[in-house]
């Protein structure tokens, strides 16, 4: 449900790439980097403000990588030796503790979202939409994970995918259709 009034939320976004050993063409990556990620994340966090611990500002990292690197991370942290599309490493777990960062000028670090551009490109081709749309979709998914959302069963997955669709609509993107 959309909030009745939207408070401006300050967001610091660190946008990074690590495409060592990746087969991605640099032109596609450059196009992705020109997207207004900062504004999109800010808009999403403003909408999701009720899910955020209190802070004067927020910080997160968005890392674009390839299958090889994300497989290393997946093996190390999830014990699954295969590439995946998106990983989210939340800086805060579970119910957010009382945090004093609202009183400081330091941003509250939410965590890292890691996306395999190779996997996103493959999924986009399979699903018949653009790689850009797939990456935006995966970013929204990762952000929800940073804020404590999870999908251990079909019902929670359906709820989370619905929220992702709404996040894309908020930034003027048509959510992908899954058949």
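Heads up, the Cβ atoms here are built off N, Cα and C, so glycines get one too.
Taking the Cβ of residue 145 (Zn(2+) binding site) as centre and 10 Å as the limit, one finds 19 other Cβ atoms among all the protein chains shown. The Zn(2+) binding site annotation in Swiss-Prot covers 141, 145, 151, and the record cites sequence analysis as its basis.
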Which of 141, 151, the listed binding-site residues, has fewest other Cβ atoms within 10 Å: 151
Zn(2+) site shell beyond 141, 145, 151, criterion: Cβ within 8 Å of Cβ centroid: 86, 88, 142, 144, 149, 150, 160, 164
